[in-house]
Ligand SMILES: [Zn+2]
């Protein structure tokens, strides 16, 4: 058996080298080459031994043998298992280890992340879907449902994991469709203690429940990522045009934003505690992908998000399929909110995505008690990238989010120079509207300052 293996090994390694060389990557992406391949494919003949040499020992393995929990096709299990008759050597791509499991190249697995103990002491586990490609490549993490009532991203992530074939994939997708399973099960943005999970990353093992959940997720999932996309929607009856929000002052993040096809890109430095901010600061370039509004599945917005992620996979060299966009380039924006100065009922004159002139009527706030109408007009030439649905509003209510188009380089230069949009764009909601209308407000939490770091 050993002799047979030694005759087969050079042929098989040459086959692998040819297979790797035949892979077509985007011109600007070159896959990392395993060290074994160039050595084995070296055509220089080995010196002929004077007498028959003893059979060479199998090459040392850089990875331990598969544990029985390994997930993957039987043929791959056998091919990589030194104890098997079908063993042909270590694979080009090692298994992906996460959450006390490992996933073999060419396989998908549905794992579990144990978020925390619930009130009743039972475990709350969120699914983590790993799609581990046969070819080498980066680890892209897709997260959704950090706010439990934001559903479009949940469906986008689910579709991506269903559509991507691990045998055609380079690299690895780690997808968490519902990070805040507590909120999702109650159709709520928040955790059970009414904290906003997206203000607590990277979290602490010894803090509040929000901080502990954030810490567990960050250590067990986010630390495995090379880059991350966190899906959100508008909040509290607001809807957002599909848009990538990113800190363009960071070159790695700015480069990452170029991968989403014709998706709008909005410069937003982010605030402390957000998943994308914490991940970026820990060396994982991250963006927020805002798409649509909360509480429902919106087919057009979902289709845009799915296509954008397929485009990103191609850009990262993970997929050979490049979706076609009617508008090939992303649009870069700075932005400002238009607020109502009066209370009343909002009645919009514009639609999401509409381009507007300076001074153009966006909508009216109607006071039916005093029979008054107040107009809201755009302060800039731009595009409506987010807006509230028609509803009862209070003075100061942020009704329209208007983006001013700029170039990627201009946005980046301004960001680097510290000329961030004023006021900074908050994720989902202006800071004075942390709680949904009708929610009872909790008194300030004395732990908040403590948890800030
Ligand atoms: Zn959100």
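Backbone N, Cα and C define each Cβ position, glycine as well.
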Item checked: The annotated region 'Disordered' range in TrEMBL, which must be one of 362-407, 408-453 -> 408-453
Check: For the record in TrEMBL, which of the ranges 24-65, 66-107 is the region 'Disordered' one?
Finding: 24-65
Checklist line | Average pLDDT across the domain 'Succinylglutamate desuccinylase/Aspartoacylase catalytic' (136-314), rounded to a whole number | finding: 95
